[in-house]
Amino acid sequence: MKRLLAAFLAVTLAVSAPIAAMAGSASLILDARTGKVLASENGDVLNHPASLTKMMTLYLTFEALNRGKITWDTPIVMSKYAASRPPTKLGVKAGGTITVREAVYGMIVKSANDAAAAVGETLAGSESNFARVMTQKARQLGMNRTAFYNASGLPDERQVTTARDMSTLGVALLKHYPREYRLFSMTAFTFRGKTIRGHNNLMVRYQGMDGIKTGYTNASGFNLVSAVRDGNRRVVGVVLGGRTARSRDAQMAALLDKYLGRASSGGRLLASVGAKQPVEVASAAADTDAPLAAAAPRSEGEAGNAPFALGYSDTATVPLERPAALEEMANAGKPQPSIRGWQIQISAAPSADAARALLAQAKSEGGTALKSATPYTEAFGTGANAIYRARFVGFDSEQAATAACEALKKRSYDCVLLANQG
């Protein structure tokens, strides 16, 4: 289980200072085939996503399933922290388990906050780590104004999005995971002998609607993302900040009635709206490395699901060891940075691209302490079990490497100091 989880250890991404959001009315109708915005009102105004957040939690769960990091039957331990999340929830006690399938069904139908938190802990070691992964994935998909701070959408003033960004995520779910997307049409499921019913009432009433998600907090108002098919037409609609569930649903239905017929009836779904390629940074394989350590339990109480992670609470020098296997670099032709001198390792990621993106983000936030450091990635393990270590090399002294670690820790990164390579 640890090996599966280690493969998914996600990239940490420090998010900029929170920006004030409003619980104001916003809406957008997007042609999912062409990317054309058919209608928009306050489409780029910040609002709180509430449980629309779980769309990203589910996206990353589907990603892990398709990469073989977890299966539908993988057990998820309900930590004390996850079990303590307020309703709505599945109500599993701390120490109990649910399967990935139950967690997914619970998030889609019940909008279960405990399931979302437990999934985040399982995939990234802590919910806060997972939230950073969510934000990084949002950037990769082109969701440029969204910031996540938890997996469920429970109130956090820093957690913001826009109608445009939510439409982008809706299209990404449709396009990237069409098989799993069909689950969004569920209106009920049986959990431990009880039938749990959903509350996406408009999906039941509106012809052609097959998802996606509702959301509500006091701060957000009533939110809804809907996907509708009409023959070959495919649109995604977003309404944020509704005054009531009924008025929100009525607004969505009116917008769809007006604009669905204007959508294109030909072409394939967009790969993603405004998606960006992962940032490329220098990388090279090395013939020595440090072992990964199990993540230390965090205050959130997620110890039961801790993956192999860099969970060091203090800067500690770790002797370098020869790894079991070296990365066969996709960019082997690129100049490799020297691995002499002191090094620091800040994380491990499920792909080389993710490790590079993390390093680029960390470099931009590390200030002068990382100015002369060189980023590189290295694979450990092979095949589906491979993970990619994210490091900075080329520090002239232990003091310089230690200072870099301290600077990164202030930005909520983990960091471990690696011994001088001569």
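Note: Cβ is positioned from N, Cα and C throughout, glycine not excepted.
Automated prediction, rather than curation, is the source of TrEMBL annotations.
Features reported for this protein in TrEMBL:
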ACT_SITE  SER51  active site, acyl-ester intermediate
ACT_SITE  LYS54  active site, proton acceptor
ACT_SITE  SER111  active site
BINDING   LYS213  substrate binding site
DOMAIN    336-422  domain 'SPOR'
SIGNAL    1-23  signal peptide
Collapsed DSSP category at LYS54 (active site, proton acceptor): helix
Assigned element (helix, strand, coil) containing the residue listed as 'active site', judged by DSSP: coil
Cβ atoms near the residue listed as 'active site' (within 10 Å, other residues, all chains): 26
Pairwise CA distance, SER111 (active site) versus the residue listed as 'substrate binding site', rounded so that it is a whole Å: 9
Euclidean distance between Cα atoms of the residue listed as 'active site, acyl-ester intermediate' and LYS213 (substrate binding site), Å: 8
The residue listed as 'active site, acyl-ester intermediate': tally of other CB atoms within 10 A of its CB: 23
